[in-house]
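Copied from TrEMBL, the annotated features are:
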SIGNAL    1-25  signal peptide
TRANSMEM  68-99  transmembrane segment
TRANSMEM  166-188  transmembrane segment
TRANSMEM  194-217  transmembrane segment
TRANSMEM  229-251  transmembrane segment
TRANSMEM  257-278  transmembrane segment
TRANSMEM  285-306  transmembrane segment
TRANSMEM  351-373  transmembrane segment
TRANSMEM  385-407  transmembrane segment
Amino acid sequence: MAAPLTLLLIVAVTIRAVLFRSSLADLISERVEVVSPLNAWKRVVEGLALLDLGVSPYAGDVFHETPLIIYFFHFVIDYAEIVFMMADALTAVALYIAVKDYNKIVFRKQKYALEANRYPLNCQQLFRTPKEMYYIPLKVAMFYLLNPFTILSCVAKSTCGLNNAVIALFILCTIKGSALMSAIFLALATYQSIYPLTLFAPALLYLLQRLYIPVNWRRPSFWLFTTQYAFMYLGSLCVMVCLSFFLLSSWDFLSSVYGFILSVPDLTPNIGLFWYFFAEMFEHFRLFFICVFQINVFFYTIPLSIKLKEHPFFLIFMQIAIISIFKSYPTVGDIALYMAFLPAWNHLYRFLRNIFLVSVVLLACSALFPVLWHLWIYAGSANSNFYYAITLLFNVAQILMVSDYFYAYLRREHHLTHGLYLKRKDGSEATLVLK
């Protein structure tokens, strides 16, 4: 598989290099679907200019990236295009290795369960085969590298690509069972944008499962490992925050980065749910609804962790998707990361109910974004309601897709336990309903 992956990387880098040298690069870097006030490259450049002048990059209201990012680009600014292409390649390779290792674990568990006769006799068609799973890692890498959303994000030099690389490395280290490296990369992802905090629960569940430690509140081994992992995570996060303070000799970055993410003061249009709602919001209701909207990202972690405690890798996918949909400043680069995992769930396709409709809606919305933006901003024949309507439809389609995969996953697990053909007590055919 090394040769196809190498060829894929060469093709992906070539496409990006051509677009970097084309006239489209400047146009893409201005698209509100591709960049946000948090990760726009022009804001990084302005922050670097302020830093070179001896002024804090957080003195104004322009730069909202973390201090480590600005100091990183301070040394590699001349090689920025190479950095973003390498970040995409690193993300793809990390996802490739992670999914490959995960598939080995899944197949091994399936083999042991078959030997122990744990599956009903009529479930053979639900079993996963080595031939079916062989090309999945390559498809995952392909879905990420050749996704137009990923390419646009890279060409725009959005720092979202770096965040995706960190999350991919966190997933790889978690799958490999390295608790320390998993905690460090999770801390780095949280340091970048707060929301990956919700990935703590699935990572902990996966590592506990890998070490054969049951999730039992009464077991000392459970509390011991949980404490150790939490200490490594919080310790790494504290080191990064303190390092940022020593670099700047100021705590200004806390309000400029994390305060900006949570309070959403910049209402520049994007593909998220916040901007239009809070543009129309009365000021005295603002704090309440900010809390309601922000809680959305974190609220689902506990119930999903309880429901999927035996399936932490799928829980990671669910949490990344929820972050991409409900975060305050989303871009298409965020969506590309969780969409890369879709080939890993190809065994769920038979149980998906709305995948054709959702796919068509997502494609139509992606095509209509620039059209409605042009009609609103340049032609003047539309208004913000048109653009927000297509944004709302885009997010509803994502929610339907994620919930459909959730239903399909639970349904397959139910069939593996109770049989493929469900019967009522009277012998008639039963229908499975997700509640």
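Keep in mind that glycine also has a Cβ here, set from the backbone N, Cα and C atoms.
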Long-range neighbours of the transmembrane segment (194-217), counting only residues six or more past its ends (CB under 8 A): 167, 170, 174-175, 177, 179, 182-183, 186, 223, 225-226, 229-230, 233, 258, 261-262, 297-298, 301-302, 305, 308-310, 312-313, 315-316, 319-320, 322-323, 327
Ranked first among 68-99, 285-306, 351-373, 385-407 for CB pairs under 8 angstroms with the transmembrane segment (257-278): 385-407
Among the ranges 68-99, 166-188, 285-306, 351-373, 385-407, the one whose Cβ pairs under 8 Å to the transmembrane segment (229-251) are most numerous: 166-188
Most Cβ pairs under 8 Å with the transmembrane segment (166-188), selected from 68-99, 285-306, 351-373, 385-407: 68-99
Highest-contact recorded stretch vs the transmembrane segment (385-407), from 68-99, 285-306, 351-373, CB pairs under 8 Å: 351-373
Long-range environment of the signal peptide (1-25) - Cβ separation under 8 angstroms, sequence gap at least 6: 81, 84-85, 88-89, 92-93, 96, 100, 137-138, 141-142, 145-146, 151, 154-156
